[in-house]
Amino acid sequence: MPSFNQSVFRPAVFFLTGIPGLETSHIWISIPFCCLYAIAISGNGMILFVIITESSLHEPMYYFLSMLSFTDLGLCLSTLITMLGIFWFNAREISFDACIGQMFFIHGFTFMESSVLLAMAFDRFIAICNPLRYAMILTNLRIIKVGFAIIIRGTTALVPLLLLLKRLSFCRSHVLHHSYCFHPDVMKLSCTDTKINSAFGLAIVISTAGFDSILILLSYVLIIHSVLCIASPEERKKAFGTCVSHISAVAIFYIPMISLSLVHRFGKHAPPLVHTLIANVYLLIPPVMNPIIYSVKTKQIRKAVLKVFLSKLI
């Protein structure tokens, strides 16, 4: 373990953590992580490819799905280098500025994914509750505007948050609990007052993920009410079937994120292994599972993916 100067200063480096207590087995542990990264990158890349190349998928629902795959790819690539660097080369050091940069992309793509899931909920609401106006409401121009709004919303709030972090000084151990830089994790190591940072960070989370989750829940309350008004059981089943993939994506995104937030706020005495495992689940499970869910549950995506594979084989 490196020795640390206990005087107050802004650190040149932080030290990332692999799997606590299993450092000697990092090479073997890297194998399942490599498989998860490979599945996430290839799966989301394939979703993007088939949506771009297949004209039959040039519809609002699939445009939003391509945005979801893009954000999942961004999340994977944001942590790929540091995580595999730790497992393969024990490269635990990361400079303060590089840490700030990684945080920008991790939190930025996280907030963008939350916004995309909200946009997808709105898409399902219009498709089920107002199908006759669906094409008129969700035009290509409006979808492009939504895409730009998602990017702007996901990144602008982070700039002041990270600038506030840069003003802090650190005098404690600079060992982070994760294999990547996470804002609450870095903030905890500061020996100066972090009340402003904590309040601003909480405000951003509430105004993005918290606000989005409430609107997603409200949209499904309205969807369920609309579906229950449908007389035919077959039509009810079909309507609910179109929402299963999105509901699954919402669950695998919000449950790990809430779990990680709770661990950071109330799990101070939890074993380091718990922090590490939840942090890895938070960033890896949604990018891995989303392409699988949409490939299995969405007939059009499944047919397009199979078409690509068959064309390659032939």
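Just so you know, glycine gets a Cβ as well, placed from its N, Cα and C.
These come from TrEMBL:
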type	residues	note
TRANSMEM	27-51	transmembrane segment
DOMAIN	43-294	domain 'G-protein coupled receptors family 1 profile'
TRANSMEM	63-88	transmembrane segment
TRANSMEM	100-122	transmembrane segment
TRANSMEM	143-165	transmembrane segment
TRANSMEM	199-231	transmembrane segment
TRANSMEM	243-267	transmembrane segment
TRANSMEM	273-293	transmembrane segment
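Remark: the transmembrane segment (143-165) contacts the transmembrane segment (63-88), by the rule of 3 or more CB pairs under 8 A. Against the transmembrane segment (27-51), stretch 63-88 shows more Cβ pairs under 8 Å than any other of 63-88, 199-231, 243-267. Tertiary neighbourhood of the transmembrane segment (273-293): same-chain residues 17-21, 33, 36-37, 39-40, 43-44, 46-47, 68-69, 72-73, 75-76, 78-79, 83, 106, 113, 177-180, 182, 245, 248-249, 252-253, 256-257, 259-260, 263-264, 267, selected by CB-CB distance under 8 Å and a gap of 6+ residues from either end. Each residue in the domain 'G-protein coupled receptors family 1 profile' (43-294) has a pLDDT score, and their mean in this model is 90.
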